[in-house]
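Residues or ranges marked as signal peptide by Swiss-Prot: 1-21. Summarising the annotation, Swiss-Prot assigns disulfide bond to 24-45, 27-32, 38-66, 70-81, 82-87 and lists experimental evidence as the type of evidence.
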């Protein structure tokens, strides 16, 4: 009986997805070679892009991050959300 119970516990642990965390690109650069593990509760990868006007003219800005929810798009702001590892490249 103890062997059966132990077997069931082991099978349950193996079959469960214990502690999976999302991997997302997290940077403020145009290219982003590295990824980071998202904190608990943030299982969406986000890529935001917009054009910033500075003294040297317009420049495309991009920010990649982990998020709990997909933020809304706004005028002049493009938002891309996804739910697989490093999908916000």
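Each residue, glycine too, has its Cβ placed from N, Cα and C.
Sequence features, as recorded in Swiss-Prot, placed on the structure.
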| residue | record | contacts (Cβ under 8 Å, 6+ apart) |
| --- | --- | --- |
| 24 | disulfide bond | 35, 36, 38, 45, 46, 64, 65, 66, 85, 86, 87, 88 |
| 27 | disulfide bond | 34, 63, 64 |
| 32 | disulfide bond | 25, 26, 64, 89 |
| 70 | disulfide bond | 44, 46, 79, 81 |
| 82 | disulfide bond | 44, 45, 88 |
Among the disulfide-bonded residues 38, 45, 66, 81, 87, the one whose Cβ has the most other Cβ atoms within 10 Å is 45
